[in-house]
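Quick look at what TrEMBL lists:
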| type | residues | note |
| --- | --- | --- |
| DOMAIN | 30-92 | domain 'Transient receptor ion channel' |
| TRANSMEM | 181-201 | transmembrane segment |
| TRANSMEM | 221-242 | transmembrane segment |
| TRANSMEM | 288-308 | transmembrane segment |
| TRANSMEM | 353-371 | transmembrane segment |
| TRANSMEM | 392-415 | transmembrane segment |
| TRANSMEM | 478-496 | transmembrane segment |
Amino acid sequence: KLLLYFNEIHLKPLFALLDHEEYCSISACLLFQECINKNKFDQLRSAKCRLDAYRGLASEAYVSLSSKDPFLTAFELAHELRGLSKSEVFFKKEYTDLADQLSDYVVKLLDRVWTQRELSAVLDKTGSPQEDKFESLNRFKMAVDYEEKLFVSHPNCQQRIDRCWYEGLSKVGRADWARRLGLLFLSILSFPFLVMCFLFAPKTTYAQSLAVPAVKFVTHTGSFLIFLILVIATSHPDLCVWGDNFPLRPNDATVTEVMVSVWIMGMVVQECLEIWQFGIQAHIKDMFNVLDLMLLSVYIATYTIRYWTIFKVIGKLSFIVRAFHSLRLIVFFAFSDRMFWDLHDPINTAEGLFAMANILSFSRIVYLLPANETLGPLQISLGRMVKDILRFFGLAVMVIAAFMVALTNLFWYYATRDTIELHKQYIETPSAVEHYGGVMSTFRTVFWSIYGRGSVDDVTLGGYNNTVTETTGEVIDGMYNIVMVILLLNILIAMMSRSFDKIQEDADVEWKFARSALYLNYISEGRVLPVPLNVIEIPYDMIRKIISCCQHTNEPPEPKKNGKHHFDRSIIMRIKA
């Protein structure tokens, strides 16, 4: 097309004087300018040309013939097409079909893999297609990041991920539950010995057993369960009494509170290390990491307030010893009778935050469910339903706001004149004033009426005897229940049922993808010891590195070993063929 264009404008002799690089540069500039003109003057033609170009690029034959790494090309192109389906919604179906076509293409390529050596060449490839660089499960991690679920759930990939999960413990993966429980009991008994070996002799076989991903998962899960038990034990602190009958606030932390604080410190260190290793943007892509950040923020605020209160109580009690006559000055900080407390007492705030943190702590168990074949699909369905609820919430907020404003404007006068007009006649406050007299009271009434806690008498005006306003309120309240309860709630139920049915149709694929994402978190390099022992692991690791550097300072440098895996390029060529 460019040559015809050049002939038409009689510039062929000029371009004959240029070398190849200059010719390509000018050609690219002309093509870029042509795209700008199409996008500026004919957007439809530009969009269709873009779609046709991607149809050619997404062709299986074109990718197989032109790309040296068809897996990388297909992953990146499918990811780009899914992004275009969100930006160019008028061609959403076409771009989505092209992305699905590429996903099916890589699965067909994976079907052509016959040996473990070929599978390693596919899943471990990293870097550009021209480089012979390999890193364990690099392409597999890319497939998880790009949500290539068919590729990840393929039996070949699942065989490799299971092999990495039970590294050196393949017999455990095929053992029955009785043997697994027996091994778990023996592991619990030998765990202190294994930890000591890991700290002082990290290269021994016993120490390396803790770095097996399956063992890491068990130890980290056990640590979190112990944390939940400590949280339950901390929920009912003992009451301190001074003298015969003078209840005081706690003036020292309990053993369980100290242990929970240590666990929180270890969790904070773990989150900081993960953010340092992977970056904040990659870290917060996982919603469970966001949940962890919220959990730690609430716990840190809770125990900061608690320890600050204990510090203040200790100071005031020491003041009592020095000046007993000034006891009234320290009642707020020392006296435990909540009848005399201020509304915004720090203990009230700490207990409210602690209650929210308890909910977040137990909801964190959902993260572990994909490890089980039965509970994994339920966890995925729960996540999809939460997304449906959030989408429904946007429409529900508009409906609630509309009817809330209408009812508030209908009964505002009676709320402002109630104390003037009715109380002089010793008439009780009307029910409409109690339920719709203010913004917050109206919101509470409208919100809880969704769950059937409303009443017909909520709109009555009592002594005012204004039947027109009462009838209008009844009509608005009835319309609200029809729209909210009958229409919107049933729409929400239908959305959740559709999500559940869709998950059940692809339950095996969805579960294997979720399980693979969970496995990769433990297969990747990171701290081995669970919380709170990871706090001890960091200084020991630093000391070992310093000693290792000092030992190798005077030694001659060893020749660099080529860490590349030497795989024959014919493997990829045969798979493409």
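Using N, Cα and C of the backbone, Cβ positions are placed for all residues, glycine too.
Curation plays no part in TrEMBL annotations; they are all automatic predictions.
Keep in mind that what you see is a predicted model, and the values were worked out from it rather than measured.
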(message) Cβ under 8 Å, sequence separation of at least 6 from the ends of the transmembrane segment (353-371): give me the contacting residues as numbers and ranges.
(response) 217, 221, 224, 227-228, 231, 235, 288, 291-292, 294-295, 298-299, 301-302, 305, 378-380, 382, 511, 514-515, 517-518
(request) Report the mean pLDDT of the predicted model across the domain 'Transient receptor ion channel' (30-92), rounded to a whole number. (result) 83
(request) Six or more residues out from either end of the transmembrane segment (478-496), which same-chain residues have a Cβ under 8 Å from its Cβ atoms? (result) 385, 388-389, 391-392, 395-396, 399-400, 403, 446, 449-450, 454
